[in-house]
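As written in TrEMBL, here are the features:
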ACT_SITE  64  active site, proton acceptor
BINDING   65, 68, 70, 72, 74, 86  Ca(2+) 1 binding site
BINDING   161  substrate binding site
BINDING   191  heme b binding site
BINDING   192, 236, 239, 244  Ca(2+) 2 binding site
DISULFID  33-113  disulfide bond
DISULFID  66-71  disulfide bond
DISULFID  119-312  disulfide bond
DISULFID  198-223  disulfide bond
DOMAIN    23-316  domain 'Plant heme peroxidase family profile'
SIGNAL    1-22  signal peptide
SITE      60  site 'Transition state stabilizer'
């Protein structure tokens, strides 16, 4: 074989190896840190047992990570020279939570596998474990993400949909991440868990016309016309701490809490999808799991890209 042929063969092998390194895998840590997943799961379950609401917060944290720079744990970084923390963005300030749980999981894994398991992978597993812990679906988590050395508050303010987003805005926000309308609706079903601040639903319960009158009246008790901005109400009034399809049933009854919830069932293109999920808990569960796997594949840092942070809120 000529030197040129050998060189070409070597280049092919290198490219092939790089391609393999870029693939996420359920067995990524099987040889390097085989106890990682069980250790992370123990921490997540303990946190949710102490506070049921934490399940919603951890699922949301993974979502807010992946929509900004991809699934790279950028959402966990604090302000530092050269880093404008995404924690202070419009969608995260006074809202995103669960950072301490991820740090606890990271600290535990670091104690026996230092420098091996990324914060981005911990976020991905935490979302799945949270769902399973409160009666929702589980799925096969793929690992191999690495952590970013940057964050972007600007992208967080741009990419993360808000409580007042219209249906076209939601569709375009998810499409920008490679997720279609049906996947957008099923992922919105995570609002079967969690709570929202009065500040975000006050306009709806006092001014909206597409709202059940009794539901609006009930929510006004916790959310006065003025004041009480931080007062909380469950996104799903029926089973706020269990993962089920009541969120979609609520929308059909005009009992969506946030404006961005009710736009999913308001005479538009998403109505039929909401109806489908309201009629079939199993369809919702299976499609939610599939969409979470797809979301976890958004632009991960792999191979030699990124780093493995020693702590999740700062660069090593």
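Cβ atoms here come from the backbone N, Cα and C positions, even for glycine.
Note: TrEMBL annotation is automatic and uncurated.
Structure coloured by features recorded in TrEMBL.
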residue	record	Cβ within 10 Å
60	site 'Transition state stabilizer'	23
64	active site, proton acceptor	22
65	Ca(2+) 1 binding site	30
66	disulfide bond	29
74	Ca(2+) 1 binding site	28
113	disulfide bond	16
236	Ca(2+) 2 binding site	27
239	Ca(2+) 2 binding site	16
244	Ca(2+) 2 binding site	19
312	disulfide bond	23
Env. residues of Ca(2+) 2 site, Cβ within 8 Å of mean position of 192, 236, 239, 244 Cβ: 193, 238, 240, 242, 243, 245, 246, 247
Per-region confidence, the domain 'Plant heme peroxidase family profile' (23-316) (mean pLDDT, whole number): 97
Surrounding CB atoms that lie within 10 Å of the CB of the residue listed as 'substrate binding site', all protein chains: 19
Proximal but sequence-remote residues of the same chain as residue 223 (disulfide bond) (Cβ under 8 Å, at least 6 apart): 198, 201, 202, 205, 231, 233
Inter-residue Cα distance where the pair is residue 119 (disulfide bond) and residue 236 (Ca(2+) 2 binding site), in Å: 30
Additional residues surrounding Ca(2+) 1, by Cβ distance to the 65, 68, 70, 72, 74, 86 centre under 8 Å: 64, 66, 67, 69, 71, 73, 75, 148, 151, 152, 155, 156
Candidate with sparsest Cβ neighbourhood (10 Å radius) among 68, 71, 119, 198, the listed recorded positions: 198
Of 64, 65, 68, 74, 191, 244, i.e. the recorded positions, those within 10 Å of residue 312 (disulfide bond) when Cα atoms are compared: 74
Cα within 10 Å of the residue listed as 'heme b binding site' - qualifying recorded positions among 64, 66, 71, 239: none
Cβ neighbours within the same chain of residue 86 (Ca(2+) 1 binding site) - under 8 Å, at least six residues apart: 64, 68, 74, 75, 77, 92, 151, 152, 153, 155, 156
Alpha-carbon distance [residue 72 (Ca(2+) 1 binding site); residue 66 (disulfide bond)] in Å: 7
List of residues, in chain order, with Cβ under 8 A from that of residue 33 (disulfide bond) and at least 6 apart: 109, 112, 113, 116, 117
By Cα-Cα distance, the member of recorded positions 65, 70, 71, 192 nearest the residue listed as 'substrate binding site': 65
